[in-house]
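Q: Feature annotation from TrEMBL assigns domain 'Glycine transporter' to C:5-78, C:91-163. TrEMBL lists C:6-23, C:30-50, C:62-82, C:89-106, C:112-136, C:148-166, C:172-195 with the feature transmembrane segment.
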Amino acid sequence: MIYTVIDILGTIAFAISGVLVAMDKRLDVFGVFIIAFVTAVGGGTLRDVLVGSTPVGWMTQPNYIVIILITVIFSILFVGRLKYFRKSLFLFDTIGIGLYTMIGIQKGLDAGLLPIMCIALGTMTACFGGVIRDILCNEIPVIFRKEIYATVCILGGGIYFVMLQFPMNSVIAYVTAILCIIIMRLLAVIFKISLPNIYPKAK
Amino acid sequence: MIYTVIDILGTIAFAISGVLVAMDKRLDVFGVFIIAFVTAVGGGTLRDVLVGSTPVGWMTQPNYIVIILITVIFSILFVGRLKYFRKSLFLFDTIGIGLYTMIGIQKGLDAGLLPIMCIALGTMTACFGGVIRDILCNEIPVIFRKEIYATVCILGGGIYFVMLQFPMNSVIAYVTAILCIIIMRLLAVIFKISLPNIYPKAK
Amino acid sequence: MIYTVIDILGTIAFAISGVLVAMDKRLDVFGVFIIAFVTAVGGGTLRDVLVGSTPVGWMTQPNYIVIILITVIFSILFVGRLKYFRKSLFLFDTIGIGLYTMIGIQKGLDAGLLPIMCIALGTMTACFGGVIRDILCNEIPVIFRKEIYATVCILGGGIYFVMLQFPMNSVIAYVTAILCIIIMRLLAVIFKISLPNIYPKAK
């Protein structure tokens with residue numbers, strides 16, 4: 001139940017981030033919807049395709065398409081007001097990546113994959129919707145360029161597998177990992193932590 | 001039989017649209033062929049991958065690769081004359097999206113998916129070859145920006161499922177839906193109908 | 001055994017080519033790793049997805065992820081020195097595409113596909129990691145624009161299937177095809193052979 005609520009809030013936050021990027025590129029209504037849709041479900045779709053879990057998730061669960069459609073309509077109507085919800089959206093987005101990382105990891109475990117592959121799948125679920133969004137909008141994916149985003153998913157996944165080594169209720173480990181991802185991302189944004197720079201000083 | 005003819009004409013029209021975009025970017029012969037190929041079969045390939053119908057369609061049907069190869073050779077040789085066939089190409093393209101939409105819908109029905117997902121698959125079959133073409137050529141997909149294209153596929157798919165509610169021969173519904181898509185697209189182009197503008201007036 | 005060594009050298013060469021393109025775009029550490037990863041395994045992944053061989057190859061073989069990770073770390077640390085290894089890297093890359101083409105062809109034969117499809121899969125395995133790399137870095141794929149690259153894979157695959165028509169040990173045919181690809185690519189680069197120009201003289 002709580003997972004369902006988080007899932008819906010995460011989907012809405014992801015879809016809105018798609019709407020904003022798409023409207024910035026002045027796409028038409030159909031383009032805005034497609035970008036919102038791939039942002040919200042693209043990561044999970046890529047994961048399902050690579051694992052071979054087909055038909056992919058959203059095809060058998062029509063609620064996603066409906067939630068995203070409603071989100072797109074409201075976002076277009078009230079796009080001017082979206083900035084007042086910036087903090088809420090950031091929070092939903094952050095909670096969303098926590099949950100999606102763990103959903104992806106669970107899918108990997110179900111497929112009998114190694115922990116490192118499960119973490120890769122979790123990170124993909126949480127982050128690659130945004131990658132596909134940026135590719136479709138002709139931009140280099142933002143998560144390859146700035147801000148700690150994927151890294152917290154990887155760390156959170158690592159924490160989960162470390163916890164599983166101890167005698168611990170797996171639900172507790174699951175929820176703790178989600179909370180760790182959320183907290184790490186909040187701290188990274190608040191303290192402006194970024195990945196170490198690997199380039200010589202800008203000219 | 002008639003479907004086969006339409007399929008071939010549609011494949012040729014899609015491949016030529018790929019050749020034109022690729023030559024506009026001055027790609028080499030291999031690049032032009034690949035772009036023509038993904039334009040023609042990319043939508044159906046994406047559909048097959050998402051549904052899990054693998055090996056994907058064109059791998060077991062070598063006629064597509066041959067038709068596209070011949071189309072590419074002739075298009076490159078006679079690229080200067082292609083403009084005289086602009087209207088025929090537009091017509092083949094339009095007939096093609098009608099057929100491909102319904103082929104995609106049929107695939108969805110075979111996989112036991114809901115009508116809304118079948119329509120999504122139909123639209124994907126008809127339109128996403130062009131999306132992959134534009135991405136590979138480093139452009140924002142044209143169907144996200146202008147002209148009613150995907151929308152007529154969605155409407156045509158909707159009409160098909162409405163017709164299925166009535167006691168009606170399913171072949172008649174199938175053909176009627178294709179004709180509706182073709183007519184709607186022709187009307188949209190003739191009367192320059194486009195999706196409602198969601199942006200404030202251009203500065 | 002010799003195949004394993006070639007595979008590792010090829011993976012390293014492909015990953016480094018990814019690192020160089022990614023650093024040229026000034027991506028962050030995570031972005032550089034992802035680009036290196038898709039360059040190295042992207043072609044095989046696409047092949048596995050289209051054939052329906054899932055979970056895709058790298059998910060069940062953790063050695064790739066480890067080799068690529070180490071390659072990325074060393075490449076970033078010693079990026080200034082990479083130019084001294086330019087010739088070795090070119091050689092590994094060339095040997096790599098020879099091997100990967102044949103691995104792809106073998107996968108196609110295992111799936112019972114026609115020779116022409118096997119050659120397509122082989123070319124995809126060898127070349128499409130670079131295509132995905134370029135798309136993620138917002139460039140038109142370099143193999144669509146210049147240099148004979150995919151063409152030698154196609155020719156090498158053709159030579160393999162011609163040899164299979166004769167009473168010949170299939171391992172010998174396999175190795176000969178790899179050598180043909182390597183030699184053709186070396187000759188193409190040494191003698192600056194490129195695909196025939198299909199455009200009128202540049203203005």
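The first residue you see is number 1, and the count goes up from there.
Cβ coordinates are placed from backbone N, Cα and C, and glycine is handled just like the others.
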Q: Look at every Cβ pair spanning the transmembrane segment (C:148-166) and the transmembrane segment (C:89-106), keep those 6 or more apart in sequence, and say whether at least 3 of them are under 8 Å.
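A: They do touch: at least three Cβ pairs between the two stretches lie under 8 Å.
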Q: Determine how many residues of the domain 'Glycine transporter' (C:5-78) DSSP places in helix, in strand and in coil.
A: 62 helix, 0 strand, 12 coil
Q: For the transmembrane segment (C:30-50), find every same-chain residue at least 6 residues outside the stretch whose CB is under 8 Å from a CB in it, and list them.
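A: For the transmembrane segment (C:30-50), the list is 11, 14-19, 21-23, 56-58, 64-65, 68-69, 71-72, 75-76, 100, 103-104, 107, 121, 124-133, 136-137.
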Q: Taking only the residues in the domain 'Glycine transporter' (C:5-78), give me the average pLDDT of this model.
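A: Mean per-residue confidence for the domain 'Glycine transporter' (C:5-78): 89 out of 100.
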Q: What stretch in C:6-23, C:62-82, C:89-106, C:172-195 has the biggest tally of Cβ pairs under 8 Å against the transmembrane segment (C:112-136)?
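A: If we count Cβ pairs closer than 8 Å to the transmembrane segment (C:112-136), C:89-106 scores highest.
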